Amino acid sequence: MEEIEESPPTSEELVPCKICGRSFFPKVLKKHVPICQKTAAKRRKVFDSGRQRAEGTEISTVKPIKPKLQSSSSSSKSDKPEPPKKQSNWRRKHEEFIATIRAAKSINQVIKDGGPLPPPPPPSYDPDYIQCPYCQRRFGENAADRHIKFCKEQASRISNKSKLAGGDKTKPPARTQYKPPAPKKANSPTASSVSSRLPQRSAYGQGAGTGIPSSKPSSTGSIKSTPSGYSPLRNNSSSLTSPPSEGNMKPKGMVSQSSLRNPSTGIGMNKKKIQNADNCISRNDMKNENDFNYSTTGTKFCHECGTKYPVESAKFCCECGVKRMYI
């Protein structure tokens, strides 16, 4: 690359600008003079950050910062009178300070002696502060102007809410001594409706009350007894749609009133059941007369309150808590 030879410095003299006083070359000065005249004619305003921050708020006491000029400062001082200075309350503040010190010393002495504490000194208020007529608090001049407007709006809102609350009906008192309802008993309407569909306890079964389940009722509504040494026949266990009631719990060997009225039908059904039982009963069932072979099929309804079991594996009733019966 070829080296660029530096030109020797020119011997032109610098000419000062008449407006700003800076010195330029004659060629550059021709361009600078019109620009310098425009800038001198248009003075830039001093940026006031306080006024920008106060825009959009309730603060209107921000004063713009004025540029201080030596020529204008002397004339402004002579024209505008100074605002009167506030009288200092140094004597009053001094007396309050001495009173607080004396009160603190007296309290320390009483604590050492073990006597009763004296009452606290009365509160002192600054007379320069302005008291709010709504909340009775005191603020400075600038703060009081902002606070009183806000406090007035808040007080009007609270008064409107109290009027609306007073016009409404009084609320009922809270039930602090609330007790949950007792669980349903056997004599509830649901249990009575379920038990009405089932065969009632016979006269003989009510007197005995042994609690041993007998054979299932037939389609005619009569309950048959089984011979000694045989377990009751249980057919169509899956077709059980209604819960067994206490009326089904009959002692062995007891006959209902309906079967006594119709002896012919009862005898015929007993013969059929005995024949079926001879085919199904094993030798292990013949050992003890009181042994019953219960299967694992559970009832679909609770025998106490008639509520249907929600799950097949439920062992207790979800309504009354009675243990589930198995057939």
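A Cβ is built for glycine as well, from the same backbone N, Cα and C atoms used for every other residue.
What Swiss-Prot annotates here:
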- 13-42: zinc finger (ZN_FING)
- Cys17, Cys20, His32, Cys36: Zn(2+) 1 binding site (BINDING)
- 40-96: region 'Disordered' (REGION)
- 46-56: compositional bias 'Basic and acidic residues' (COMPBIAS)
- 63-76: compositional bias 'Low complexity' (COMPBIAS)
- 108-131: region 'Disordered' (REGION)
- 116-125: compositional bias 'Pro residues' (COMPBIAS)
- 128-157: zinc finger (ZN_FING)
- Cys132, Cys135, His147, Cys151: Zn(2+) 2 binding site (BINDING)
- 154-271: region 'Disordered' (REGION)
- 187-199: compositional bias 'Polar residues' (COMPBIAS)
- 211-229: compositional bias 'Low complexity' (COMPBIAS)
- 233-245: compositional bias 'Polar residues' (COMPBIAS)
- 255-267: compositional bias 'Polar residues' (COMPBIAS)
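Features per Swiss-Prot, on structure.
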residue	record	Cβ neighbours (10 Å)
Cys17	Zn(2+) 1 binding site	15
Cys20	Zn(2+) 1 binding site	13
His32	Zn(2+) 1 binding site	15
Cys36	Zn(2+) 1 binding site	18
Cys132	Zn(2+) 2 binding site	18
Cys135	Zn(2+) 2 binding site	12
His147	Zn(2+) 2 binding site	18
Cys151	Zn(2+) 2 binding site	17
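For Cys151 (Zn(2+) 2 binding site) paired with Cys36 (Zn(2+) 1 binding site), the C-alpha to C-alpha distance reads 55 Å. Residues Cys17, Cys20, His32, Cys36 make up the record's Zn(2+) 1 site, and a Cβ search at 8 Å around their centroid adds Lys18, Ile19, Gly21, Arg22, Phe24, Leu29, Val33, Ile35 from the same chain.
For the Zn(2+) 2 site, the Cβ centre of Cys132, Cys135, His147, Cys151 serves as reference, and the other residues of the chain with Cβ at most 8 Å from it are Pro133, Tyr134, Arg137, Phe139, Ala144, Ile148, Phe150, Lys152. In terms of DSSP helix, strand and coil, the compositional bias 'Basic and acidic residues' (46-56) has 6 helix, 0 strand, 5 coil. The binding-site residues shown are Cys132, Cys135, His147; of these, the one with its CA atom nearest the CA of His32 (Zn(2+) 1 binding site) is His147. When pLDDT values are averaged over the zinc finger (128-157), the model yields 91.
Helix, strand and coil residue tallies for the region 'Disordered' (108-131), in that order: 6 helix, 2 strand, 16 coil [DSSP].
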